[in-house]
Amino acid sequence: MHALPGSPSKEELRRAALARRDEAALDVDTMLEAAEALRDNALTLPELAGDGPLAGYWPMRSEIDPRPILEVLADRGSALALPVCSPQGLVFRAWQPWQPLVPAGFGTLGPPETAAEVTPRVLFVPLAAFDRAGHRIGYGKGHYDGAIARLSAAGALTTIGLALACQEVASVPAENHDQRLDVVVTESEVIRPQAA
């Protein structure tokens, strides 16, 4: 599906949503409170029960911080992982809070090459914008779309988008390669998209 004539493009939606997110991130206290509220909302998800592995991400730029969620999951005994950019696309390496990180590509940090590669059953997904149908806009490189398609083909996978409520848009112009999210969690609510 493509945008209707006169509808904003993905790039326009991305730019506007990132500007809203960047503006929200100027207030550090607001972002800390949002990360805690997001954690509380995420921890209500039955998909997080079990021992994992669950893959998070290391926040960059003004992304909502998933580390409060990951710390609670680690305390519960869940196996965790973080993504690393590789020539084959995103791979996920085992990680626990307080373990050292190294540059992992795309301006973020991740576990070193010595960390075991894992196949997550739950994937927390950063994003620039989302809609209530579960479509997301990333940064335009397709890293997560490729990883979600690959991991879904390998077995059951739950994708959980993490975002600020201000990143919501009315409709994302989805394309055939775009992967829908199973759940979106913001500081305000948990959104369970309905099948289109």
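Yeah, the Cβs are placed from backbone N, Cα and C, and that goes for glycine too.
The ATP binding site feature in TrEMBL is assigned to Lys10, Glu11, Glu12, Leu13, Arg14, Arg136, Ile137, Gly138, Tyr139, Gly140, Lys141, Gly142, His143, Tyr144. Under the heading substrate binding site, TrEMBL lists Glu63.
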Position of peak Cβ density within 10 Å, selected from the binding-site residues Glu12, Glu63: Glu63
Lys10 (ATP binding site): secondary structure state under DSSP, collapsed to three categories: helix
Residues satisfying Cβ distance under 8 Å from His143 (ATP binding site), sequence separation of at least 6: Pro83, Cys85, Gly89, Leu90, Phe106
Distance [Cα-Cα, Å, rounded] between Tyr139 (ATP binding site) and Glu63 (substrate binding site): 12
Integer Cα-Cα distance in angstrom, Arg14 (ATP binding site) to Glu63 (substrate binding site): 13
Pairwise CA distance, Glu63 (substrate binding site) versus Ile137 (ATP binding site), rounded so that it is a whole Å: 13
Three-state secondary structure, which DSSP defines for Ile137 (ATP binding site): strand
His143 (ATP binding site): secondary structure state under DSSP, collapsed to three categories: helix
Lowest local Cβ density (other Cβ within 10 Å) among binding-site residues: Lys10, Lys141: Lys141
